[in-house]
Amino acid sequence: MSTSRTVICLLRNDLRLHDNELFHWAQRNAEHVVPLYCFDPRHYVGTYNYNLPKTGPFRLRFLLESIRDLRNTLLNKGSNLVVRRGKPEEVVADLIKQLGSVGSVTFHEEVTSEELNVEKKVKEVCAKMKVKVHTCWGSTLYHRDDLPFPHMARLPDVYTQFRKAVEAQSRVRPVFPTPEKLNPLPPGLEEGAIPSAEDLQQTEPVSDPRSAFPCSGGESHALARLKHYFWDTDAVATYKETRNGLIGVDYSTKFAPWLAMGCISPRYIYDQIKQYESKRTANQSTYWVIFELLWRDYFRFVAVKYGNRLFQLKGLQDKSVPWKKDMKLFNAWKEGRTGVPFVDANMRELAMTGFMSNRGRQNVASFLTKDLGLDWRMGAEWFEYLLVDYDVCSNYGNWLYSAGIGNDPRENRKFNMIKQGLDYDGNGDYVRQWVPELQAVRGADVHTPWTLSSAALSHAHVSLGDTYPTPIVTAPEWSRHINKKPSGAGPSPRGRKGPSHTPKQHRDRGIDFYFSRSKNL
């Protein structure tokens, strides 16, 4: 093997060439560059508390697509993606030995314990083998070093305080240019086969035509999605009005799965928003995309501040709550058999497609933690298993909020499943799409089948407790909304964009969990 200096770029959740500091740095510091991805066996075991599979079929398919896409991109630039199965620290040690020319290993820093443990082990291996380590920060819109807080311990515990400080005092760094050509691999280095789902003991998922995310993994697909949503359709200009939708692809940006794997950079999205605002239009909707990216940043910085408390039963507030661990209730929730149609529709969409709207996530999380009183980690680990856009910080941060033990000091919020269903799926089209047993129940009645007369049920071919469950729980506050349902099956208020509309009174509501001052959710 060549004795020239070689850099290994250890890729993890940064599967892109654009705005990627690793490539930018490696190009300037080595004759040969080894872009490396390791299928770490620790990602394919059970979750920590409930032993659910850590990586489910939808995310694995998206990952494999992203790896294939990155390999093609790198091949077109004169390089390749080296793929190995094994623990990164062991793979890196083997490559250093095999190549004999490695001067440095570079990677992006992560923030949670399992990823930090990998970084520690890679650093130990490199120190032992006298190889330098160069780390970068590239997962957030605002760079960690540019935050207006002297130390992460001073990060505000309320999102709005964080957002206002950052917007007033920090700036978003410019994107790194995409290299025209990449330095080659060292001669003779095998690229390595990309494993199949079966190789990783996972089944290939079945595509569902109802999916709100029928998209493929990979940087090229992420960039195409942005072009479609911004420049081809101008959908971004109405994002704030449509973002609470439930049906269809274009009610929201759908950037989250690509952001989670680093197929698209938050800074690139920001840069494109700024261009769009100067060339087309700047309004609340275009700003709201940035507002969302800041949420993502915030959850990541919260994870830096609080460490493993993110995963602990008592949460960030160290608060004791008598959570239940009732597997019968949990199974009904995860399988979409709670007898509450709005919850069931969302849970089935997740199980069948790996995706669920933001509105749906808020509701099913509130239902699990507040209505069923189950251990919030059951829900967090089920989402970790199934979500195509699973991001450790956003997932656990949101579940902590839902459970009322996050870092926001305001009192608990509880969502009213019936009111939410009527507000966001007023005609019941979304429920009927995912709960076919209720297909013949017309209009908003589909949200509360247990309140219908036996004649109405029999007319709709529904037998409660037989073809569809009776509710496993009912909340007293639901009754306030049961008699307010709009009647009949009128036309969908959003036409082809799907039936879910955003009522005027909800349009300015904060984005993720429980930031409304309104008690009447």
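The first residue you see is number 1, and the count goes up from there.
Heads up, the Cβ atoms here are built off N, Cα and C, so glycines get one too.
The feature domain 'Photolyase/cryptochrome alpha/beta' is assigned by TrEMBL to 5-141. Across the domain 'Photolyase/cryptochrome alpha/beta' (5-141), the DSSP tally of helix, strand and coil residues reads 61 helix, 32 strand, 44 coil.
For Asp297 (FAD binding site), the same-chain residues lying six or more positions away in sequence with a CB closer than 8 A to its CB are Thr140, Leu141, Tyr142, Val166, Pro266. The FAD binding site annotation in TrEMBL covers Tyr239, Glu292, Leu293, Leu294, Trp295, Arg296, Asp297, Tyr298, Phe299, Asp389, Tyr390, Asp391.
Taking all protein chains in view, 18 other C-beta atoms sit within 10 angstroms of the C-beta of Trp323 (site 'Electron transfer via tryptophanyl radical'). Taken from TrEMBL, the feature site 'Electron transfer via tryptophanyl radical' applies to Trp323 (among others).
Long-range Cβ contacts of Trp376 (site 'Electron transfer via tryptophanyl radical') within its own chain (separation 6+, distance under 8 Å): Gly315, Trp323, Ala365, Leu368, Thr369, Trp399, Leu400, Ser402, Ala403, Ile405. The site 'Electron transfer via tryptophanyl radical' annotation in TrEMBL covers Trp376 (among others).
Residues or ranges marked as site 'Electron transfer via tryptophanyl radical' by TrEMBL: Trp399 (among others).
Taken from TrEMBL, the feature region 'Disordered' applies to 476-521.
Marked as compositional bias 'Basic residues' by TrEMBL: 494-507.
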Cβ neighbours of Tyr239 (FAD binding site) where a neighbour is any other Cβ within 10 Å: 22
Neighbour count (Cβ, 10 Å) for Trp399 (site 'Electron transfer via tryptophanyl radical'): 27
Local confidence of the domain 'Photolyase/cryptochrome alpha/beta' (5-141) - pLDDT mean: 98
Largest separation between Cα atoms (Å) of residues that the record links to FAD, namely Tyr239, Glu292, Leu293, Leu294, Trp295, Arg296, Asp297, Tyr298, Phe299, Asp389, Tyr390, Asp391: 22
